[in-house]
Structure formats: structure tokens, C-alpha cells
Amino acid sequence: MSNPKIEILKNEILSDNWYTLRKVTYNYLKKDGQWETQSREAYDRGNGATILLYNKNTKTIILTRQFRLPTYLNGNETGMLIEACAGLLDKDNAEECIRRETEEETGYKISSVEKIFEVYMSPGSVTEIVHFFTAEYTKDMKINDGGGVADEQENIEVLELDFDKAYDMIASGEIKDAKTIMLLQHAKINLCW
């Protein structure tokens, strides 16, 4: 970190129970040339990867459905969320991570992936960068039922959906996950169905 307009004064760990919540106090050089002391909290959960699996012949995609506590706490009555396969990088690079997560969550062993972009998902409070991928799938790539890893307390339902139906689920409010919406919009614009 080498921004001459930022001087870190204090970096405290408030919690490291699941991931790391930090409170950082710093000096910030404003446009008017004056220094201002600011304090912010940042949640570090590591970086992640997500993927949209698509089949051009059947015009279908693979998504997942699982319980997400934060959505439940914020008004999602069931807490269930439809989303693209995703996971944290741990010690992997993004492509290794998404290949592993795809197999664990969906049961598909994909042959090639295409990285399309990377984004900060919530830069006001979370440090995470998410790497976005797409990959074509076929029925013969299915090697198991998917559903996640029991040791990680995952209980994931695998969904094969018609692309147009899934895209319409954005407007109907059935799909509310940002990464999934971004992947579906990318597919709508860039994939030749």
C-alpha cells in the first residue's frame, strides 16, 4: 500500500471469529490539501470466485439454491437464495478455486473456463475481490450430485434452468444475488445463444 494521501495510524482487530473485522484509523489528504483523520471498519473474508455454467445447445444454465443467514436477517422470509456457484480462494488461485467449487457444489467437472472480469463487491466495508468466470457444460461432465461439502456445513440444491426463465427471475425478484445478476447480464450481452 503506497498511496501518499493515506497514512495508517492504527489498525485494530475487532473480531476474528469467522473472518477478520478491523477498525482502521488513518489520515486522509483531501482535495483542498488539508489532512483529515478518519476511522472505518473493514471486513476481510478473503477473495472469491464465481461462475456461470451454460449449455448453448439446450440454452440452460446451472445455478444453486442455499440458505444465506444475512439475507434471512434482512427480510428474506426463507433465507434461501438462488445464486451462481461461488467460493473463497483459500490458498488457490481463482481458476483452481472455481474448478473445485464447481465440482463440489454442482457436481460438474468442467474442462475449460473463461475469466470475464473481477470486481470489489461491497467496497465501502468489505475487502473482497470476486473473480468472475463462465464455462460451457454438457451432461457428460456431471460426475456427482454436487450439493457442497458436509465438513463446510453446505447444503446446496443444484438447479438447471432455462436461461430466459432465469433472466426473467431478476425482474420478478426471485434472483437477488448481485454476482448472479452480473453473470446473467454478461451472458445476455455476450453469449451467442
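Glycine is treated like the rest: Cβ placed from N, Cα and C.
Keep in mind that this is a model prediction, so the values were computed, not measured.
Residues Ala86, Glu101, Glu105 are recorded by TrEMBL as Mg(2+) binders, and the candidate that the same record lists for that site, out of Glu36, Glu154, Glu160, is Glu154. Cβ neighbour density within 10 Å is lowest for Glu154 among the binding-site residues Glu101, Glu105, Glu154. DSSP assignment over the domain 'Nudix hydrolase' (44-183) gives 39 helix, 49 strand, 52 coil. Sequence-remote contacts of a segment are chain residues at least 6 beyond its ends whose Cβ falls under 8 Å from one of its Cβ atoms, and for the motif 'Nudix box' (87-108) they are 45-51, 53, 62, 64, 115, 118, 131, 133, 135, 137, 141-149, 154, 156, 158. Neighbour list (Ala86 (Mg(2+) binding site), Cβ cut-off 8 Å, at least 6 residues apart, same chain): Gly48, Ala49, Thr50, Ile51, Ile98, Glu101, Val130, Lys179.
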